[in-house]
């Protein structure tokens, strides 16, 4: 291997081994997924869909893509699936291309309240090519206000309503969203990038019976390779959705990643995966409860999912202090945050990655105490050094990718 990139790979491997990862959108894939993602399939160009390609020599990748499609449908109970999107953003873009015209109104959750860039943010394609409107959350409960969603939808008459979030910790009522969309004549898109694993495990309501289309990533709670997917039970729009991906916004799909997605879906069908997701939820709820007992403002007063947010006043400083102690998470805005996104008030904490690594409830509570110690020290260098030492000692008991070296 080229020496410079070998050094970087081993350096990153060591960083992952030596850090407690609490980034809600990250996880550790299996060795099988690592291997398939780096496989010979990366060599094959395969524009089009199985049995309908624009290149010859696709008979083998037709098999792997068909496996991925069918296993995805089995996992989520979908009538149709497209596994070609390179990311969640690509999946959303393809849906917009398929169902909307430039300038059409879209309605999504405000970014500061937990929405995503691709749900209508003015700096994103979704806010530039379409007319974006937003709903917020109840400022008291910090939960979705379905009455407000209905009020705004009646007012702006969107062509598409998006229910899906990057930082919302409560169960989503897809049935209520469906009723709102039907009343105003809008398509309903559920972006389940964060909660896909919970849905797959049956530990969060499935949006497919209530929505026109569902998008997701494969690399968060699903614990797969980096990528996206689209699903639908609305047979009237599936040809449009296929065209939205190819030729709409992508050319050749990444066949090595698609094969790894199949492995991911297959792993998520195993009984032990449901127990994993249950542990993820339990660990997040326990951590959130502990912080609440210590007097922290936990957004929405808790969590039903794999993540939660804390208002710590200075999220950027806190996230940087924690990184110095080998605890990695991300700064995040809190609802109605008066601070800018580059220096927000909050931090976001997720439990999928370290649950994969073997952490139990007691380990997460120990880490919560370490986080609390650093915050209360106001980033004291001596305290950070002590916490880093404790982190490294704890991680000795949880080896990551044992025997792997580049």
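Glycine too: its Cβ is placed from the backbone N, Cα and C atoms.
As written in Swiss-Prot, here are the features:
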BINDING   111, 115, 116, 117  (6S)-5,6,7,8-tetrahydrofolate binding site
MOD_RES   220  N6-(pyridoxal phosphate)lysine
SITE      219  site 'Plays an important role in substrate specificity'
Pairwise CA distance, residue 220 (N6-(pyridoxal phosphate)lysine) versus residue 116 ((6S)-5,6,7,8-tetrahydrofolate binding site), rounded so that it is a whole Å: 15
Residues near residue 117 ((6S)-5,6,7,8-tetrahydrofolate binding site) in space but at least six apart in sequence (CB under 8 A): 89, 111, 123, 124, 126
111, 115, 116, 117 excluded, remaining Cβ within 8 Å of their centroid ((6S)-5,6,7,8-tetrahydrofolate): 108, 109, 110, 114, 118, 119, 120, 121, 124, 165, 166
Three-class DSSP secondary structure - residue 115 ((6S)-5,6,7,8-tetrahydrofolate binding site): coil
Residue pair residue 115 ((6S)-5,6,7,8-tetrahydrofolate binding site), residue 219 (site 'Plays an important role in substrate specificity') - Cα distance, angstrom, rounded: 18
